[in-house]
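Below is one structure, written out as structure tokens; comments come after it.
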Amino acid sequence: MLKSKIHRATITDACIDYEGSITIDKNLMQAANLLPYEQVHVVNVNNGTRLETYVIEGSAGSGQICLNGAAARMGMKGDKIIILGYSLITEEDTLIHQPNLVYVDALNRITKVKNGVANQGLEV
């Protein structure tokens, strides 16, 4: 189940020579309930690529969102991305589960934190 989402964060750097991962500002990690080394999916809004990697904690308040290693080929500075974390939960907990959603501005400062995904009026 979706556990955490950082919505439309801006890539601040891409370091191809780093060993791998995505570095995320500690404040954003805490707001999204993401842990160091946790597996995440990253969706690049600009080019449509999707990747799977793990989180490294960046400096608190830095706004840092850095793609590292091979992941750096999937986006560039200024691209908008969505970072998704997942968890396994029991079937009974699916009835009450609400993901933690973090919204940020262009400098990756938190603008809103909420639980649950609102129905956006899309017909299925």
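Yeah, the Cβs are placed from backbone N, Cα and C, and that goes for glycine too.
Under the heading active site, schiff-base intermediate with substrate, Swiss-Prot lists S21. Per Swiss-Prot, the feature pyruvic acid (Ser) maps to S21. Sequence annotations record features per position, and here Swiss-Prot assigns substrate binding site to T53, G69, A70, A71 based on sequence analysis. Residues or ranges marked as active site, proton donor in Swiss-Prot: Y54.
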Where does the residue listed as 'active site, proton donor' sit in DSSP terms: helix, strand, or coil?
strand
Inside 10 Å of the Cβ of A71 (substrate binding site), count up the other Cβ atoms and send me the figure.
22
When you measure from the Cβ of G69 (substrate binding site), how many other Cβ atoms are you left with inside 10 Å?
16
